[in-house]
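> As annotated in TrEMBL:
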{"type": "BINDING", "residues": "Ala10, Thr11, Gly12, Lys13, Ser14, Thr15", "note": "ATP binding site"}
Amino acid sequence: MNIGLTGGIATGKSTVTALLAERGAFVIDADVIAREVVLPGSPVLEKVAERFGPGILQPDGSLHRKKLGEIIFADSQARKDLDGLLHPPIRALMRSRMEERERTHPEQLVVVDVPLLYESGLQGMFEEVLVVYVPRHIQKDRLMKRDKLSSEQAENRLNSQMDIEEKRLKADIWIDNSGNLEQTAEQVSRFWSEKGLV
Ligand SMILES: CC(C)(COP(=O)(O)OP(=O)(O)OC[C@H]1O[C@@H](n2cnc3c(N)ncnc32)[C@H](O)[C@@H]1O)[C@@H](O)C(=O)NCCC(=O)NCCS
Ligand SMILES: Nc1ncnc2c1ncn2[C@@H]1O[C@H](COP(=O)(O)OP(=O)(O)OP(=O)(O)O)[C@@H](O)[C@H]1O
């Protein structure tokens, strides 16, 4: 049993994922995998440095995430190039971890948190897709606050993704995270019982 969980940047995917994990779901996070595939010494990081120059590496050889983020969120060609390098290995690792967990724990719900699920056309990998939704103005407010971004930096990040309204329309199930955390937790509980999970 698996679901793909998605939403926009800062709509609350981690918040909802944590609630599902508390209930007993097994969570796989594509952002964590995205960090693993560019660990120092990895061939993928080498390719990223070839494309973007050695300036995107820290003195210790690790990825300078902030610097690369500034580049790719302001330049769509740069973003496409990065996606071309990172998405295939991210997808492969995600798929193998998901299949392994389903094989060893067939009764457990596997939740795969994939921020760019629809942008990457990955809906076919999952039995159902759950979207964590807030309207765009709340999304922008929470993003600016959490990451201490200016309005322009936040807009760049929002504009580099599919609009959250479009994701909600595509969703099999959606959770409204624009209220308080209790209201979100109630919707998660309802989802859990409707699926017949214990
Ligand atoms: C550019 C990077 C180094 C910036 O790192 P940083 O630590 O500042 O951000 P973080 O990884 O926490 O990402 C935060 C969010 O940004 C959004 N985001 C990240 N990459 C992209 C992208 N290529 N296109 C659109 N949105 C993106 C996602 O909503 C993600 O959850 C990093 O985001 C990255 O490696 N991106 C490429 C891999 C990727 O596509 N990851 C997201 C889905 S798997
Ligand atoms: N219901 C809520 N009420 C108020 N604040 C919230 C709520 N849900 C989440 N937040 C806050 O909004 C911000 C974004 O939430 P969260 O980190 O869960 O989003 P995300 O979708 O996982 O983000 P990302 O796309 O960057 O991984 C965080 O600062 C979080 O504390």
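In case you wondered, yes, glycine gets a Cβ from its N, Cα and C as well.
How buried are these features, and what lies next to them?
Residues near Thr11 (ATP binding site) in space but far in sequence (CB under 8 A, at least 6 apart, same chain), listed by position: Val132, Tyr133, Val134, Gln139, Arg142, Ile164, Asn177.
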> Setting Ala10, Thr11, Gly12, Lys13, Ser14, Thr15 aside, what same-chain residues sit with their Cβ within 8 Å of the center of the Cβ atoms that define the ATP site, listed in sequence order?
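These residues sit around the ATP site: Gly7, Val16, Val132, Asn177.
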> Long-range neighbours only, meaning 6 or more apart in sequence with Cβ under 8 Å: which ones does Thr15 (ATP binding site) have?
Val132, Asn177, Leu181, Thr184
> Would you mind listing, in sequence order, the residues at least six apart from Ser14 (ATP binding site) in the same chain with a Cβ closer than 8 Å to its Cβ?
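The answer is Asp113.
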